[in-house]
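Trainee: Would you mind keeping the following structure in view while I ask a few things?
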Amino acid sequence: IVGFVINAYCLLHSGGGGGWKCGDFYALDHSDVGHIVSPNYPEGYPENSFCIWLIEAPQNHSLHLIVNFEGERYKNVCSDYIEIRHGSQRSALEGVYCDKVTNLQMTSQSRWFWIKFKSDRLNTTGRPLLIQFSAIYNSTRGLNETVPYASCRSYEFACRNMECHSMSYRCDGQNDCGCLKDCDESMCQGLPIC
């Protein structure tokens, strides 16, 4: 029984490089390699998914991504997509992808990549998301070193993925942070009924 518990824990928590979570913050070492996957990977992703990841490379490094994904369009508008930015949701846009991308490679303009995955409430037909990431040495002077996130204010909730949201969104039934663990909807329970 002990072996079964250990094996079950490894299956649930290994994720092969830190990609099993919906939304997170990854601070890489110079030799780290990992991946991000959509919920239910390798199966199709579920409806109403909303995940945000922030990946940080060490100083004097950039990030390298290899993206595989196929989202959906509805009436010629991206309905299931990934959005990739160079730092935060306010940073320069690398791209929004809802069509099929296979082994799409990109390198960050700074030490950070901000990645959002969103699916709508309609049945999904797209392929699951798989992004491989690694830190690469970049000796270029002038690499943007401005940290794209700040400490949350006293009236904000600090999400695990470095997003900040008003405390009024805490436990409102909506995933505002874009993550599932240590986020705005974590540990929310109603009052006991006597």
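Each Cβ is built from the backbone N, Cα and C atoms, and glycine gets one as well.
Remember, it's a predicted structure, so these values are computed and weren't measured experimentally.
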Trainee: Can you sort out which of C159, C164 is the disulfide partner TrEMBL gives for C152?
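Mentor: That record, TrEMBL, gives the partner as C164.
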Trainee: Tell me which of C78, C98, C159 TrEMBL records as disulfide-bonded to C177.
Mentor: C159
Trainee: Near C152 (disulfide bond), how many other Cβ atoms are within 10 Å of its Cβ?
Mentor: 16
Trainee: List every residue in the same chain as C159 (disulfide bond), at least 6 positions away in sequence, whose Cβ is under 8 Å from its Cβ.
Mentor: G23, H165, C177, G178, C179, D182, C183, D184
Trainee: Between the disulfide-bonded residues C164, C177, whose Cβ has more other Cβ atoms within 10 Å than any of the rest?
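Mentor: Result of the Cβ crowding comparison: C177.
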